[in-house]
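Structure, as structure tokens:
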């Protein structure tokens, strides 16, 4: 009894220390549970448990900070995604991934923006500005495909895994780039020129960010290959890669570009070239360390979401009635469902046309399309970070409308993660019961017909007639099978010019 009183008094005397200690303990528990069950969403549950244990008194210990999220937690996750990606599958499905991850975000954002702009006032929820409506469309177009990726297996469903994984990364990057572009437009005069400027800003940010990431990746590979001080030392090799990756992200942010795109493509280029310029032990250690950093960051993010979900100040600040709040929440979920379906199924038809091959079925069947549609229904930390960036100042807001949008975002994220997430596995088992390797994977796991062809680059040693015939054959293949033709010639260019300078084995012994 005396021990119980002592613990109670200690808790009252150190109201901040005890929850932090509980947080550290639950963090370790989440890491173990997440490793065993391969699910990080337990972190959001754990974060909520911490607040319940502290009876809401310490709800600000881990208040969600979008700056902390974008600067420290997101870079290792995105870099590891690029570093660990299966490059052959990713680039063979690159056009499809870009269709879903870029064009899809624009379509979904337009539907969510128009729907919320039309329906929110009818529900009694007004006060949002045109810029905020545009931001809402972007916020709820950012997907979280973690739950689906944990159910899909790369060896059994290489096509689906590649598309879901690739779209998830590109979608987050596109959402952030589009969100930043919206902040720069003049919303007082919305017309055709406004949208053209928005698209132009987006293309500029997307292309320059990608080019910056490629540049940093190539520079890192060249340094590791040519400089002596970095060789045969795991610590130095790992330090150079980590520092260059983080430098690429921060450089992009300082230049008002997209750090997500930059660090993602930096990770791809480092994995493709730089990782082969280090020792075998360093290569293995690097992959494990990057994966560990990404896992810990993901766990922290879900803890942040759970800790902030029961911040009583935001809920008290929201002056909407229960009916209006639930109505706006239901409207957002409905718009997310419609916005997702509006581009997945039409763009799948476009993808099947562009990836057509003789005597082969369409790569994306209707069941595949349903899985891809479902995989993008979950919303995650990027949506919350963008919402905090739009509707709060340093995580704090005193505006009832802004507080309502924050609570709506948290409800949508928790609902989609828990409900849609838990239904993902039964849905996939129902649609793909055999769980066998895809035979229509668009080239993964099977040899492309072009592998048997000998189509070198144009040569000055050959006659003009021969070069013209080769050019005609290449253009014919490009129109018939554009994706495979581009990938085929990239591999030839990579083997002949890039790898001798930046390192790495030839494509016959590598995955891309």
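Cβ from N, Cα, C; glycine included.
The domain 'Cation/H+ exchanger transmembrane' feature in TrEMBL is assigned to 41-428.
Here TrEMBL flags 20-37 (among others) as transmembrane segment.
Residues annotated as transmembrane segment in TrEMBL: 67-85 (among others).
The transmembrane segment feature in TrEMBL is assigned to 97-120 (among others). Sequence-distant neighbours of the transmembrane segment (97-120) (same chain, 6+ residues past either end, Cβ-Cβ under 8 Å): 90, 126, 128, 133-134, 136-138, 140-141, 162-163, 166-171, 173-175, 178, 206, 328, 331-332, 334-336, 338-340, 342-344, 347, 350-351, 372, 376.
Within the same chain, residues 102, 173-174, 177-178, 180-181, 230, 240-241, 244-245, 247-248, 251-252, 255, 257-270, 272-274, 277, 501-504 sit at least 6 positions outside the transmembrane segment (202-223) and bring their C-beta atoms closer than 8 Å to a C-beta of that stretch. Annotated transmembrane segment per TrEMBL: 202-223 (among others), in sequence order.
The transmembrane segment annotation in TrEMBL covers 258-276 (among others).
The transmembrane segment annotation in TrEMBL covers 288-307 (among others).
Feature annotation from TrEMBL assigns transmembrane segment to 327-350 (among others).
According to TrEMBL, the transmembrane segment annotation covers 371-391 (among others).
Per TrEMBL, transmembrane segment is recorded for 403-423 (among others).
Proximity of distant same-chain residues to the transmembrane segment (258-276), defined by a Cβ-Cβ separation under 8 Å and at least 6 residues beyond the stretch ends, is recorded for 70, 74-75, 78-85, 87, 90, 169, 172-173, 176-177, 180, 205-206, 209-210, 212-214, 216-218, 220-221, 224, 241, 244-246, 248-252, 283, 286-287, 498-499, 502-505, 512.
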